[in-house]
Amino acid sequence: MFSSAVQPFSPFWFTVEPQDTLVIRGNSAFLNCSAHSDAATPAHIEWKKDGTFMSLVSDERRKILPDGTLFFSHVVHSKHNKPDEGTYQCVATIENLGSISSRTARLSVAGMPRFANQPLPATARLGDSQVMACEVNSDLVAFIRWEKDRQPLELSTRLIQLPSGALVISNASETDAGTYRCLVENVGSSKLSDEAELQTVPETGEERKLEFLVQPVSVTKTTDASVLLPCVATGYPAPRISWMFGDKLLEERYVLGGGSLQISNLTEADAGLYTCVADNSNTTIEAQAQLTVQVSPQFVKRPANIYAHESMDIIFECDVSGSPAPTVKWVKNGDAVIPSDYFKIIEDHNLQILGLVKSDEGFYQCLAENDAGNIQSSAQLIILDPAGPTSSAPRDVVASLVSTRFIKLTWRQPAEPHGDELTYSIFYSQEGTSRERVVNTSRPGEMQVTIQNLMPDTKYRFRVVAHNSNGQGESSAALKVATQAEVQVPGPAPNLQGVSNTPTSVSLSWDKPLTGNGEILSYKLYYTDKSVGKEQDIDVDGQSYSMAGLKKNTEYSFRVVANNRHGPGVSTEDVVVRTLSDVPSAPPQNLTIEVHNSKSIMLRWQPPPPSGQNGKITGYKIRYRKGSRRSESETTEGTQLYKLMDGLEHGTEYSFRVSAMTVNGTGPATEWMTAETFESDLDESRVPDQPSSLHVRPLVNSIVVSWTPPENQDIMVRGYAIGYGIGSPHAQTIKVDYKQRYFTIENLDPSSHYVITLKAFNNVGEGIPVYESAVTRAQSDPDVDLYDLLHAPYTPVPDPLPMMPPVGVQASVLSHDTIKVTWADNSLPKSQKVTDNRYYTVRWKTNIPANTKVKMVNTTNLSYTVPDLKPNTLYEFSVMVTKGRRVSTWSMTAQGTTFETTPSSAPKDVTVVSKENKPRTIIVNWQPPSEANGKITGYIIYYSTDVNAVVHDWVIEPVVGNRLTHQIQELTLDTTYYFKIQARNSKGMGPMSEPVQFRTPKICTLTLIFSCRGIKDGENHILVIVIIISVGAFTIIVVVVGAFLCTRRTTSHQKKKRAASKSSNGSHKYKGNSKDLKPPDLWIHHERLELKPMDKSPDPNPVMTETPIPRTSQDITPADSGLESNPHLQQRRNSYRGHESEDSMSTLAGRRGMRPKMMMPFDAQPPQQSVRNTPSSEPAPPATASSQASCPSEILADPEGSYHGSTTTEEEPSYSSNLPPLRSAHPHAHAHPLKSFAVPAIPASSHPSYESPALPSTPLLAQTGPPTHPHVVKTASIGTLGRTRTPMVVTVPNAPDVPETSKMLEDVDSSYEPDELTEEMAHLEGLMKDLNAITTAP
C-alpha cells in the first residue's frame, strides 16, 4: 500500500532539557535547552513561561543564547514584582516539519533569609539531649550551618542538624557548653541568628517525666533521595529509643545519636508508617510519621513513528509508570490535543486518531507528569500520497445485512484493476459529517466486510476503494444506509438491599425492573471484595440471593444486572455491605517477657495480623500461672500493647499467654512463655543510680579516687567505670569490680587539671555519672573543684515590671488551613528572649455567630502556627502571658482570613423539573455545596442518557456566577436523562453530585402543540385562529365568573382591615388611574400567571440572576464566520488548543474541511446581544408549583411565543410587553400587578429585541441552518474545560400540578374591592381586543 519513494522520518529530539533551578535574587541564571535534527535548517528555539510564549525582542535582561539556552543577566524578584519566577518550557520548531516541546522546569527565587525561630538559652543535663531551634524560610534550609563560640561546628552522629535546621545535641557533656548561633550563607548576603548560651548541669537523680523534645513528622520524598526522621526524647531515667517500620523492629545501625532515623537511597519499599518508641522502663511513649516515597514518571512504552494514508485510523501508544500515578496529555506540534469524536484517549494513555486528513501530519508528544517530575517523548506521523496507475472503482456496492450496530457490505471487482490481488478500503461517515473512517479487508481478493460499532437508527454514507501495487484507486459511488433502531434491554433493578447475617454471609434482595422490555430471564449479581478490588459475578434466577463464604468484617460492593431476550440491561448502583465481626482467628504476635525485679514482669506484644483480627480489637486477655497451678487472667484496653505484671513472688517461675478480644469474644492465645522473677530485690531491669559520693586526692603523677555505692541498693551493680582526662573525662576509661571502693589513676602529668567521672553499670547499661576534678601537684597547691567554679547555678534577675499583655499581635495567613500568629512582649528585654518560666496562651475563634467555640493553646515561643482551620474563614486571635501566678489580660485582637481551596463537597438538593408548556425544555435547580471553601464562581452541569458513560462523554452546560438554576432546551421526548453538577471557585473544581434521573414527557397535549409540533407561519392558519379565539372567549368567561365569586366573598370585617391597611400604606399609591389604588401584597408570575405573596420568599436574595451564558446559537461565534455557508464544514471541530496569531487561524485549522474553534469562555462574560427591558438588577424568584393562586385561576396558556420566559430563536420573532419591572429595588415600589396584562406593541424591525430575565437558557443545538436530518446534532466545544459535547439525541415532564388552596383564595378575597375588580375587567377587555387584532392581522 505504501509507495517505495516515501518521505523518511526526520530525527528530531531534545539533547538537553531545562531542569528545576533555585537562584538568588540579583544573580544570573541559565535554563538549558538544545535540540538535535538532521534537517537542513537548524531548529528554532522559543521559550514559554507559565504556558505563554515569551517576547524577548526588546528584552535587555533576558535573551536566548545560540544553543537555545535562556539566559537571565540578573534575576528580578520583589514582594510585588516577580517577573522571573515561574514554570518554563522550551519549544523547538523546524519549518515545514513541526514542533516539539520540552519537559517543564520550575525557576524559583530564594527569598531573603528570615528567622521564624532562633536559638534560645538552654540548660542540658549531662548525658541528656537538648535541641537548639533555628527556623528559616523552607527554601533556605539547605544553606544553614551552625557555629559554637563563633567557630564552625562540626556535625557528627552525636551532633546532628534536623531537616528544619535545628541542632540536636545528644549525650551532652561539659564540652558542649558554650554559645551557639546558626547562619544562612551563600544566598547573596549571609544572615546570623541571635546567640544562645547552652549550659550543662549534672543529673540530680530525681525522676523526670519522659517526653519528646522533637517528634517525627510525615514527609514526602522521591526515590534515591535521603530522609532524616527526627526523634529526640528526654527524661529520667534516661530513655532508650527504638524505631518500628510497620510492625517490624528496625536495626540500630539506622539510628543516629539522640534517636533520629536516617534512611539513604530511598525506594518504594521504604514507604510506610514509622514509629519512634521511647522507653525508660517506667514509661513508654510513641510518635508516628508517614513516609511517602514518590517515583517520577518513567516510560514503559514510548510512542513510535507512523506512516498512514488519509481516512485511516491510527493509534499512538504511550505507557508510563510512576507514583503517584502520572497524568498523561498529548501535544501536536506544541499545541494540546483536545479529545473529540476523532481524537480519543483510549486504554488510559493511548491516542487514537480516526479518519486521518492531510493536516494531521506532524510531531505528536506524550507528556507524563506527577508530583515527582515530568517527562516527554515524541513520534512523527506522515500521510502518504498515492503513486502510479491505480484501479478503477469497485462495482455494485450493496448492503447485504443491516442491523442496529453493524452493516455488512459486498461488491464486485473493478472493471480495470491494473493488477492482481487487490485489497479494499471501505470509507464511511455519519450523514452530516465530513470526516471519514476507514476499514480494510483482511486478505487480498476479499470483497465483503462488516462495519462494526455503528449508532442505532442512524444514516451512514459508504464508499469502497481498491488498492493495487501502485496505491489507492478510484472510489465507488456513495451508498447511503440507515441502521435499525435499538432493541430495548431491561432497566436497573430498583431497591437493591443487602444485609450481613453472619460474619461470612450477606443476604441481598431487589425488585423487578420498572422497564423490563419483555420477560426477565435471569439476573447477574456482581460482587467485589473492596480490600482486593477484583469483581466477580454469579447468575441468579430469582430476586434474592444469600452469598456465603465471604471474609469476616470485610466491605463488599454488590450490583445487579437484569437480562431479557435482548441481552443484559442497565446495572444498579453499587450497594456496600460489611460482613459482621467475629472472634479473632489468630493470636497476638511477637510476645516478649522482661523480668523487672523480684516482684514484677513486663509483657509486650503486637496485634494479630489484619487478616486474623476479624473486627476491632477491644482488648487483650493475659493468662498467667505459677508453675503448674491453675492460671489466672487480667485484661487490657484495645490499644495497650504491654502489661506490667506486679505483686509476684520472688524467685518463682511464671508462665504467660496472651489472646486478643473483639465484641464477639476471645480469640486463640499465644504459646505459653516462661520467666522467673529475681531471687532478691536487686533489680537489673534498669541501670544503677548515681554513686552516692566521689572523692579525689591528687598527687604529682597520680590521683587516688574513692567512692561509695549508690544509695538505692535494690539495683544490681556489676562494676564501676572511671573516666578521666585533661579538661574532659572522656579521654580514658577504666572499669573495676563492683566490690572495689577505690582506685589509683597512674601516669598523669604534673600541674594539670583533670576531670574525673564515675558511673555504676550493670548488664542494662551505665548509670548516671558523678563528676569531680583535681589538679595534679607540682607544688603544694590546694585542690580545686573546677566543676563548682564553672557551673555555678544560674539565677535569673527577678522581673520588676507588672505583667502586661503582649503587643503587636499579627496573624499571617500561610495556607487554606494554617495561620501563623506572632507578637511581642514588652516585659522582655530588647532581644525578646524568653529566659524564665513564662508561657503564652493563644486564643482564637471564628466570626461565625453560630460557632462561638473558642480554642486555646499554650506556647513558650513568641509565635504559634495554628493548624486545622477552615478554608476561606475569618478568624480572630488574641494572646495573654502567664508567669507563675501572675497573668496578663488578653491582648488586642488580630484577624486573618484563610485562603480559598477547591470545594470539598458537591452541590446539594439537585432537582430537575420541566418548563411549563415546553416539554423539550427543563429547569435544573440546586443549592451551593456545604463546603464551598471560597466564593463560588460558577457551576458545570453534566447530563447524559447513559449514567455509566465516562465523564468526557457527558454533555456539559457551564453556569457562570453564583446562580442556582439553569434551563436546558431542545431535549428529546420520552427519554431518561441523568444530571450531575460540579461547583467551581477560584482554586478549581469540586466533586460532582450524585446523578439525578429525569424523564421527559411521552406525548404532547393540545396546550403544548406549538412547542411540540413547531407550527410555523402559514401552516394551519385557520386552526390557529380558531384556537386563539376559543382561548380568548374561555378566558373572558373564567375571569367574569372568578370576579363574581371573589366579590361575593368579601366581608365587612375584611373591608375594615383593608381600609386600615390602605391608610397605613398611603404613601405607596398606584399612579395610573383616576383614583389611587393600594398595591396588593401579591405579584403575578408572568410565566404561570399565578399570584404569590411577596413577604413569604424564603431568600431575601433570590438566586435567579441574569447571566452572560449565550441564549441562542448567535451568541456562540465560530472562529471563522465564513464557514456558515457550508454546514458540513461547520460540523468539524478543532481538536487542538494552542496559540494562534490574531490575524490568522492556527495551522491546525488547516485540515481538509477546516475545524473551526467554537470556544465558550467559562469565567469571562461574552458580549450581550440582547437588551432586557428590566431596569432593576434584582431578579425574580423562581416559580414553584406550590404557590399557585386559586382566584383568579390561570387565564392564558403560555405557548412558545409567550411574552415572558420565552427564548428568541431564528425562526420566530421576539416580542416584549411594556411591562413594569418584575421586581423593583424597593419591596413596596411595585406597580399594580394586574397591569401586567397590558397588550404589548410589536416593536419596529429597527429596534433591538428584548428578552425576559426570568430564566437564562443555553440551547443544546447551535444550529446555523435547516437540519438535513432530524437526528443531526451539532456540538459546542467548551475550550477552557477541555471537553467536547458528544453528539446526542437529546429531550422533559411538566412539573405536577398542585391543587389550589383555599388559603390563597382568602388572601385574594381580602385584597380587592368590587370596584377595583370592575376597573381591572376594563383592562382585560382591552387585552382581548388587541389579542384578536393580532391574530386576525394578515
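Note that the numbers count up from 1, one per residue, in the order the chain is shown.
Any Cβ shown, glycine's included, is placed from N, Cα and C.
For 1073-1098, the entry in TrEMBL reads compositional bias 'Basic and acidic residues'.
Feature annotation from TrEMBL assigns compositional bias 'Low complexity' to 1183-1193.
Taken from TrEMBL, the feature domain 'Ig-like' applies to 11-108 (among others). Helix, strand and coil content of the domain 'Ig-like' (11-108), in residues and according to DSSP, is 0 helix, 50 strand, 48 coil.
The domain 'Ig-like' feature in TrEMBL is assigned to 113-199 (among others).
Under the heading domain 'Ig-like', TrEMBL lists 202-292 (among others).
Under the heading domain 'Ig-like', TrEMBL lists 297-382 (among others).
Under the heading domain 'Fibronectin type-III', TrEMBL lists 393-486 (among others).
Per-residue confidence over the domain 'Fibronectin type-III' (492-582) averages out at a pLDDT of 88. What TrEMBL records for 492-582 (among others) is domain 'Fibronectin type-III'.
The domain 'Fibronectin type-III' annotation in TrEMBL covers 587-680 (among others).
Residues annotated as domain 'Fibronectin type-III' in TrEMBL: 687-781 (among others).
Among the features that TrEMBL reports, domain 'Fibronectin type-III' is placed at 805-904 (among others).
What TrEMBL records for 906-1003 (among others) is domain 'Fibronectin type-III'. Sorting each residue of the domain 'Fibronectin type-III' (906-1003) by its DSSP state yields 3 helix, 56 strand, 39 coil.
Sequence annotations record features per position, and here TrEMBL assigns region 'Disordered' to 1052-1230 (among others).
Positions annotated as region 'Disordered' by TrEMBL: 1244-1270 (among others).
TrEMBL lists 1022-1047 with the feature transmembrane segment.
Between the domain 'Fibronectin type-III' (805-904) and the stretches 11-108, 113-199, 202-292, 297-382, 393-486, the greatest number of Cβ pairs separated by less than 8 Å involves 113-199. Of the two recorded stretches, the domain 'Fibronectin type-III' (687-781) does not lie close to the domain 'Fibronectin type-III' (492-582), with fewer than three CB pairs under 8 Å once pairs fewer than 6 apart in sequence are set aside. At the 8 Å Cβ cutoff, the domain 'Fibronectin type-III' (587-680) and the domain 'Ig-like' (202-292) share at least 3 close pairs (sequence separation 6 or more) and count as touching. Contact between the domain 'Ig-like' (11-108) and the domain 'Fibronectin type-III' (492-582) is not supported, since fewer than 3 Cβ pairs fall under 8 Å when only residues 6 or more apart in sequence are counted. For the domain 'Fibronectin type-III' (393-486), the neighbouring stretch richest in Cβ pairs under 8 Å, chosen from 113-199, 202-292, 297-382, 492-582, is 297-382.
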